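Have a look at the structure below, then the notes.
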Ligand code: GLV
Ligand code: MN
Ligand code: MN
Ligand code: MN
């Protein structure tokens, strides 16, 4: 259809069988699982096939470099990588997630390199700097609980000590898992040199809500693409309810201290209190009873909640309210409760100048492409505190994400690559 042909769609088709989850549906590709490692290997292979120079940095971030040719470099190779233009995303997924959240950004980046290569070969593109494609580990936080762990480590948004101590569901620490992947935990953490390589970061991503398919976009000529404006502030909290584990048959209803009851009241409070704030989103997506037997009153229930709002003070107030109600629910049930903040990221406003450049480029492909806020977190959001970042969204006709129904039409993916290539060319 265009010079981007269907490279992005072939790349996505090549990984369509990796990490499918027959039980949950969709894909489960937690960081450093066999599936995610297959995708990392696929990425390296595709990068090598394009003659890109690849490396893994000390935080497990993969980089594939399209360097300036030696005659065009005024300095050393390393020097010429400082202030590069970087694009990329992630390859890990939530449990039972969709095909596009993450991998679309990687496949589109590789396809955009193909387009730019051709433009350079035909003399229509003259570059001033290197381009890199980056793959960030543990973007979803589905294994170690903190999202965007790779970009947080890189930029110092999380302390190395805290990151290394995070545990997965099997009790394996992030530090142990990193070591098993050949990384050295003693050298993980903020990496000023790697950070200095990023002049600007652009992430292409599937749109994850109804941002491009709301009723006013369902007309002919509706835009397939958008440019990111803001990311809602968001965080994760865990409430542990402690009660008395006991026998389901012998314990009278009046004699129980059942943490599942306190947790359940809290689930309803989360929804009720969030609804008092028009722009808030609050979710209990994970509840874990210990020991977890049908005929056992739990001794402990962990409840994880995700709370988001554009005003960080409102988020904090909402969490406080929820916590007050959770303590009351625990007390009423003869239980105790503890609250832990696992992560928080304030509301992000993407770099206005970069957003303007992206908008101009994207509108060549999608003339009515809007600037769109999102409620989803991204590595581009974490990196925004250190370097100018921006995002391009591709329409998702299902309006569903973090679920198997997430979808992107082939033609829209192709438009996304076209727009990404134009934007990168403008910035190169
Ligand atoms: C990650 O995708 C998030 O927004 O939670
Ligand atoms: Mn996601
Ligand atoms: Mn994502
Ligand atoms: Mn995300």
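Cβ atoms here come from the backbone N, Cα and C positions, even for glycine.
According to TrEMBL, the Zn(2+) 1 binding site annotation covers 90, 101, 205. For residue 90 (Zn(2+) 1 binding site), the count of additional Cβ atoms within 10 Å of its Cβ stands at 30 [all protein chains shown].
Per TrEMBL, the feature Zn(2+) 2 binding site maps to 101, 140, 402. In the three-state DSSP scheme, residue 402 (Zn(2+) 2 binding site) is classed as coil.
Marked as allantoate binding site by TrEMBL: 236, 295, 308. The Cβ neighbour count for residue 236 (allantoate binding site), using a 10 Å radius and every protein chain shown, is 22.
Other C-beta atoms found within 10 angstroms of the C-beta of residue 308 (allantoate binding site) number 23, with every protein chain shown included. Here residue 402 (Zn(2+) 2 binding site) is positioned 16 angstrom away from residue 236 (allantoate binding site), judged by their C-alpha atoms. A Cα-Cα distance of 16 Å separates residue 402 (Zn(2+) 2 binding site) from residue 308 (allantoate binding site). Checked against ligand 2, the binding-site residues 101, 140, 205, 236, 308 give 101, 140 as the ones with a Cβ under 6 Å from it, listed in sequence order. For the pair formed by residue 308 (allantoate binding site) and residue 140 (Zn(2+) 2 binding site), distance between Cα atoms is given as 15 Å, rounded to the nearest Å. Taking the C-alpha positions, the distance from residue 205 (Zn(2+) 1 binding site) to residue 140 (Zn(2+) 2 binding site) comes to 14 Å.
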